[in-house]
Amino acid sequence: MSAPLPGPVMVAAGCGGTGRELEPFCGDDGLDGLHVVTRSITLDARSGGPGPRVVEVPGGLVNAVGLPNPGLEHFLATELPWLVRAGARVLVSIAGATMGEYADLARRLARAPGVAGLEVNVGAPDDVGAGLYEVREPFHSASVIAAVRREFASDRPVLAKLRPDVSRIVEGARSCHEAGATAVVIGNAVPAAFPDGRAGGLSGPAVAPIALRCVAEVRRAHPDVPTIGCGGVRDLASANAYLDAGARAVQVGTALLHDPTTVARLRATLRTTAHLPGPEETP
Amino acid sequence: MADERRRVAGPVHVEGEVVATKRVGGYRHLTLTAPGLPERFRAGTFVAVSVAGHIARRPLWIHRVRASSAFGPTLDVVVQVRGSGTAWLAAQPVGTRVAVTGPLGRPFALPKDPVACLLVGEGYAAAPLFPLAERLRERGCGVSLVVSAPDEAGLLSALEARRSVRSVTVLTADGSVGQRGRVPDVVDDLVARSDADIVYAAGPTAVLASVAAAAERAGSWSQVAVEVPTPCGTGLCHGCALPVVGEDGVDRVVRGCTEGPVVRGDRVRWDALGAGS
């Protein structure tokens, strides 16, 4: 049994708050039926990094937020039930320090009511994901995906969120797909530096051409590997660029920080343009 | 129903328009229309405004709200030019359309009883204290207002506020107007003189920290409007870290835009914010 692919428009990890803050900007439907990827959840609570966590640069934002989250227990007790009640299709982004942690997270989330799927954060820029399982090589990501897939229901999607590194993405996408990833999300923030030299990740429109190239490369080499475009999606044109390159869905991230209504507008537009294969049409 | 509640209480993201612009001292006061926003305003909330060519929003305190005018309901914001984004904003003529999100954040909590209140504000950030003073007066509270700045150009005018407050103290570091001094040096005296049960403060971190400490020493409650760098203003990005101590005595880092900007002064970990009190 294959898991359905989420989409066509999703909220990217780390850009939707806890969901509650996004809801007022999602029109009459609110979060109902919307695929929301949560910010990355870790087993234990993390308070996040020191400020400034986000700095504006031409074409994007450099960020090192440090994965602040209340930890799995608190998330399961408070944030997840709220999202489920709001009607969101919740994909929980997970991050762990070890393969065992990823597996633990997957096992616990598999039992939690209302979890539509998982997104495995295996591509956080170095240092930003300080304390996370180090994913240097494609086989590292693949082994994490395999560990997660073993613990999580096979009829629900597991997405692998990878760094948009064009020299690695083809092998990374293929190995994650072989390891059981339903689709590969391309991409995460690009390793970058703050103006003061601190390590961070670049996201926003500046990343779009890079992620687009990665989507196209994966499509060319492995047309059977479903991809989800993420990076600089802010309107129909930027979403269609990914879809035309072969992506099956898109995630909206940084654009929400500029205009929190972006997801609702894009959802409404795509509904009427019927450009995308709906989730039900995907294999 | 949740949907109904959201429409009435939640923030909105709308296209606003600059309907008046005025230089006052070192700041630019903009009057904006923003359909649905003024009606939702409570003192201490803010707006996030889009700026041409920038992704991050510019957070601005709401200085005043008019329920009706020739343009319908409007809100006033105070812009201090600090970089290219605020410079752009300050330079926009009447008729410019801007995307406005708000009202955002937690407002000042108001006392149920008509108690004595001291309001201490410094610079442009004193803006939310003016509508707060009006709300407090409506509740029968005796309000003492302190407006402070390094110099005259940095002061927000307290002229209009005189109607709604019992006393106004003007404080400048260089003595160009009013009393010479800085808030941290005189705050204990101000708190004692006002005999305030609640002290409200808005301004730079060092000012807030000193006010919170003075309130604590005097046995008063304090509410402070904290400014931390706020990339989105809506709570989505988790970029505006505000270190606090929770009700349970546990250290936490919350979002300045969502769990703040107004928090109890005794809950802020000022040392972690870089302001030793």
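Numbering starts at 1 and runs along the chain as displayed.
A Cβ is built for glycine as well, from the same backbone N, Cα and C atoms used for every other residue.
Secondary structure by DSSP for the domain 'FAD-binding FR-type' (B:11-110): 11 helix, 48 strand, 41 coil. Positions annotated as domain 'FAD-binding FR-type' by TrEMBL: B:11-110.
What TrEMBL lists as FAD binding site is B:Val78, B:Val79, B:Gln80, B:Gly85, B:Thr86. Using a 10 Å radius centred on the Cβ of B:Val78 (FAD binding site) and all shown protein chains, the other Cβ atoms total 23.
Around the Cβ of B:Cys237 ([2Fe-2S] cluster binding site), the number of neighbouring Cβ atoms within 10 Å comes to 29. What TrEMBL records for B:Cys232, B:Cys237, B:Cys240, B:Cys257 is [2Fe-2S] cluster binding site.
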- request: With a CB cutoff of 8 A to chain A, go through the binding-site residues B:Val79, B:Gln80, B:Cys232, B:Cys237 and name the hits, or write none.
  value: B:Cys232, B:Cys237
Statement: Here the Cα-Cα span from B:Gly85 (FAD binding site) to B:Cys232 ([2Fe-2S] cluster binding site), rounded to a whole number of angstrom, reaches 14
Task: Measuring CA to CA, name the entry from the binding-site residues B:Cys232, B:Cys237, B:Cys240, B:Cys257 that ends up nearest B:Thr86 (FAD binding site).
output: B:Cys232
Query: For the domain 'FAD-binding FR-type' (B:11-110), what's the model's average pLDDT?
result: 96
- prompt: Which residues does B:Gln80 (FAD binding site) neighbour through Cβ under 8 Å, counting only same-chain ones at least six apart?
  reply: B:Gly26, B:Tyr27, B:Thr86, B:Gly123, B:Tyr124
Message: Please report the Cα separation of B:Val79 (FAD binding site) and B:Cys237 ([2Fe-2S] cluster binding site) in Å, rounded to an integer.
response: 23
Field: Rounded distance in angstrom between the Cα atoms of B:Cys232 ([2Fe-2S] cluster binding site) and B:Val78 (FAD binding site)
entry: 18
Message: If you count CB neighbours within 10 Å, which one among the binding-site residues B:Val79, B:Cys240, B:Cys257 has the smallest count?
response: B:Val79
